[in-house]
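Novice: Below are the structure tokens for one structure; questions will follow.
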Amino acid sequence: MALELEEAFGAAGEFGGGQRRLTAFLVLLQVYVACQSMLIVLVGAAPDYHVDQEEIPVSRAELAKHIHFANNFTSIVTEWYLIEQEAYKVGLASSLFFAGLLIGNITFGPLSDKLGRKPVYISGLFFDVIFGYVTALAPNYDIFAVSRFFVGIVNGGMALVSFVLTQEYVGKSFWSFTGSLTNLTFAVGIAVYALLGYYVREWRYLALVSNTPGVIFFLLSFMLPESPRWLYSQGKTAEAEHVLQYIALGNGKEQLNLKLKPSAGTLRKDESAPGILNLVKHPVLRWRTVILMYIWYVCSFVYYGLTLNAGELRGNLYLNVALYGLVEVPAFPLCMFFIEKSWSGRRRTMTSFLVFAGFACIFTLFLPTSAGLFFSPTLLALCGKMMVSAAFNIVYIYTSELYPTVLRNAGLGVCSMSCRFGGILAPFVPSMKSLGPFVPFVVFGISGLSAGFLTLLLPETLNKPIAESIEDLQTPKYQVLKNKKGNQLEENT
């Protein structure tokens, strides 16, 4: 008897031992991704220094004679004297990395939808490692900065594809768990990077040590199978059955007689594969994409904005970096609990977290800066950051479920692109303090509230089928944002 894809996952084991090993490998990869993403925080840190004359020398040779850095660590600042007029170059290298992330998010998604998850993921990881070593061995600032740009492209694209691959190895009912675990590991990876930096104070050695695990992940990645969902969506039913058999054997099941029904979205030879333009052409996907892009933008905008406005943490540099990661950890069990409950689900939970983050920002208006620790604006802003971190986690899972398999990476790529714009704009908001000390918090609060309420226009995906093809969206149970009757029909299915 031919089975639907979700039924085949159930027969093979939705999250057995074989899938746990596959997902654990890709989840641990997030530690490497986090180290690459946070590299500039320690590698570009500026230690205390003083110049033993009143005027700072213009030439680098003269500056080297008169500047004295503290000897607690080295960085690109100490090696290339990026201080005073040259200090902007540290921020520029960081901006180039995020610009690379934007390009990687928008290009790798459609590529993996057309060429397959595994080859695009492995290629991205390979070049991530190569450019990572170029960063560590860069002879001058220019090569360092350019290498960070290319690291951003391949790191962002590879991380996006690996996230989708993690989701597509397991049954749909475990997507929230694997998605949350992936984002949780990224937060822990920030703390791991801080620990590495504490013991490895030479910036080049730190860059080398942080990049070397990528070699191990690259070599082991050849053992990963292709996504069965992608194979099925491309009409490669026999290959999808083979991967599901492989998963079943890894789960300790005997040889199964799995036979999949032909995919409704299988392409004819004279048809081209769905591309990114389908996100605009299809009315359901068009409105869905517009709303999701705004939500992703706000999540990034508020997240980085609260990080900048929560108050500068003084004291140990490495402890501060670790805390910026660990403050997110409580958000993940919270969102995992609520998104699996029928009375909350994905949509209501994400709305609640975004609205809570918005109100947390606005309520800072009513707290005096001299208040005690438990009533300070800083603590309230950090609570808001924890809530928006939870929303950020959910939006990855939610977006994966809202797009059909043939366009899942393209949809995630476009949304991730808008997310990067939020990260780029957030640092400029603190300058609005000139209009009033709490104006930035009002901007973040209104953004969070608006994104939270817009989320209510999206459909709930908890315990609903996943669309494998664009044709699936034509059936009534997938119709959303089309008309009031369609929305009521979906709520009743």
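Backbone N, Cα and C define each Cβ position, glycine as well.
In TrEMBL, annotation is done automatically, which means it is predicted and not curated.
The domain 'Major facilitator superfamily (MFS) profile' annotation in TrEMBL covers 23-463. Taken from TrEMBL, the feature transmembrane segment covers 24-46, 90-108, 120-139, 145-165, 177-199, 205-224, 287-306, 318-339, 351-373, 379-398, 410-429, 435-458.
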Novice: Could you give the residue numbers and ranges of same-chain residues that sit at least 6 residues beyond the transmembrane segment (177-199) on either side and whose C-beta is under 8 angstroms from one of its C-beta atoms?
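Specialist: Distant contacts of the transmembrane segment (177-199): 15, 23, 26-28, 30-35, 38-39, 42, 73, 163, 166-167, 169-170, 206, 209-210, 317-319, 321-322, 324-326, 328-329, 332, 335-336, 389, 392-393, 396-397, 400.
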Novice: Please determine whether the transmembrane segment (24-46) and the transmembrane segment (145-165) are in contact (criterion: at least three Cβ-Cβ distances under 8 Å, sequence separation 6 or more).
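Specialist: These two segments touch.
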Novice: What parts of the chain pack near the transmembrane segment (318-339), using Cβ distances under 8 Å and only residues at least 6 beyond its ends?
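Specialist: Beyond its ends, the transmembrane segment (318-339) has Cβ neighbours at 34, 38, 41-42, 176-177, 180-181, 183-184, 187-191, 193-195, 197-198, 307, 345-346, 349-350, 352-353, 382, 385-387, 389-391, 393-394, 397, 462.
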Novice: Give the one range among 90-108, 205-224, 287-306, 435-458 whose Cβ atoms make the most pairs under 8 Å with those of the transmembrane segment (120-139).
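Specialist: Of the candidates 90-108, 205-224, 287-306, 435-458, 205-224 scores highest.
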Novice: Between the transmembrane segment (435-458) and the transmembrane segment (145-165), do 3 or more CB pairs sit under 8 angstroms, pairs being 6 or more residues apart?
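Specialist: Answer no, regions not in contact.
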Novice: By Cβ distance under 8 Å, which residues at least 6 away from the ends of the transmembrane segment (379-398) in the same chain are close to it?
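Specialist: Long-range Cβ neighbours of the transmembrane segment (379-398): 163, 167, 175-176, 179-180, 182-184, 187, 292, 295-296, 299-300, 302-303, 306-307, 309-311, 327-328, 330-332, 334-335, 339, 346-347, 349-350, 353-354, 356-358, 360-361, 363-364, 367, 373, 412, 415, 441, 444, 448, 458, 461.
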Novice: Taking contact to mean three or more C-beta pairs under 8 angstroms, with sequence separation of 6 or more, is the transmembrane segment (287-306) in contact with the transmembrane segment (435-458)?
Specialist: yes
